[in-house]
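Okay, so here's the structure we're looking at.
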Ligand code: PHE
């Protein structure tokens, strides 16, 4: 069977942006920034996106396009008879860990959408939004139901084939999400007491930089948000043909993704300070802050409805890219049909997600790594360790295993003055930085 292909370069761009923009920009960015001190974290994050993220994104997509295979197959095909293909397993493993909690949180977003459809959240429920959210995530079956719902949607789209399902919807809902976020940001900074939140995000407290875990968190966030190091972008790149030029496309994806993160920060932190919600509230942060903003806005109920609809779709265009990684691998390596691969892998992730979800309820006392609950622990291993390791392997592969001319050709940088900069980044700078941050963070694991 011939491998699938994007209809056009635009199709790839939309799918890749769809993969990048999702819960990572809004939900994860806000709570990780909030827990890691705000402004100083933001600067580190921007630094990692620009210096490691975008060059690695180009590298990752180019490996897939050159090899025309999945994350494990691509290494195997380009370096036959070597152990390089083993690095692809970081990605497949990360995809299981990430999608299992991603689907749970996307389920929360769907539940909120439902609460805005019914009008229940137009005004504060008894006890306030924070208590309502706490009650929901620890409820015996409600979050499991929405997690199942989201997983079924993800499996269905991957089963139909990513390009047919997701391209069209993204064309409409990414701009919608951007417009709502800009509107919310303006509203949020105008709230009384919002200045403290603006300061929190943009006035770095440099003392935060003395904590090694902040560097690890900022690097992990850059990888997670750019869908980097797992093979999602590699797999999407493998459905591209050689004619499309990559450098501009990957820079565009990086900038777009960063815009969504920063603007989300401008929505969340001013409002959090205005409402007296701690920026360090962790994963619930956006779910307890946003409804408060909607409640105060004129026609906020409708804005909330559209917002959670757009957020759910943005999550869906990310989750399909995560599921596509193991599906593409199982289809090639074990000759499974797309149907069987998507249902089986999706089912395993669903079960893992049940464990994640219960970790916010009856199993919340279970903290496998440090004081992190089940979701936090899985996220830590996947985002802060496996993704950077996967990215490191890709950088070393293209920087050291390929000849320079091959590397430049694969990324469409032959004869381009940027070529040398990109090449020294992926050959030296990115690997050294990633290793340094790992070494710096050794020892924080158990604390
Ligand atoms: N980048 C996605 C987001 O921000 C999540 C993701 C991570 C997707 C890793 C693919 C790979 O929501």
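Each residue, glycine too, has its Cβ placed from N, Cα and C.
What TrEMBL says about a protein is an automatic prediction, not a curated fact.
Note that this is a predicted model, so its numbers are computed, not measured.
Feature list (source: TrEMBL):
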| type | residues | note |
| --- | --- | --- |
| TRANSMEM | 12-30 | transmembrane segment |
| TRANSMEM | 42-63 | transmembrane segment |
| TRANSMEM | 84-105 | transmembrane segment |
| TRANSMEM | 144-162 | transmembrane segment |
| TRANSMEM | 174-195 | transmembrane segment |
| TRANSMEM | 215-239 | transmembrane segment |
| TRANSMEM | 251-277 | transmembrane segment |
| TRANSMEM | 297-323 | transmembrane segment |
| TRANSMEM | 343-365 | transmembrane segment |
| TRANSMEM | 385-402 | transmembrane segment |
| TRANSMEM | 422-445 | transmembrane segment |
- Message: Considering only Cβ pairs within less than 8 angstroms, which of the stretches 174-195, 215-239, 422-445 has the most against the transmembrane segment (84-105)?
- Response: 215-239
- Item | Stretch among 42-63, 174-195, 215-239, 297-323, 343-365 sharing the most Cβ pairs under 8 Å with the transmembrane segment (422-445) | 42-63
- So which residues does the transmembrane segment (215-239) touch in its own chain, when a touch means Cβ under 8 Å and the partner is 6 or more beyond its ends? 3-6, 12, 15-16, 19-20, 24-25, 28-29, 32-33, 35-36, 41, 44-45, 47-49, 52-54, 56-57, 60-65, 67-71, 74, 88, 90-92, 94-95, 98, 163, 209, 246, 253-254, 257-258, 261, 318, 321-322, 324-325, 328, 380, 383-384, 386-392, 394, 434, 437-438, 440-441, 444
- Note on the structure: Given the transmembrane segment (42-63), its same-chain partners at Cβ distance under 8 Å and 6+ residues beyond its ends are 16, 29, 33, 74-75, 78, 201-202, 204, 209, 214-215, 218-219, 221-223, 225-226, 228-229, 231, 233-234, 236-237, 240, 246-247, 249-251, 253-254, 257-258, 261-262, 265, 391, 394-395, 397-398, 410-412, 422, 425-426, 429-430, 433-434
- Taking pairs 6 or more apart in sequence, does the count of Cβ pairs under 8 Å between the transmembrane segment (144-162) and the transmembrane segment (385-402) hit 3 or more? no
- Message: Suppose I define contact as three or more CB-CB distances under 8 A, residues 6 or more apart in sequence; do the transmembrane segment (12-30) and the transmembrane segment (251-277) meet it?
- Response: yes
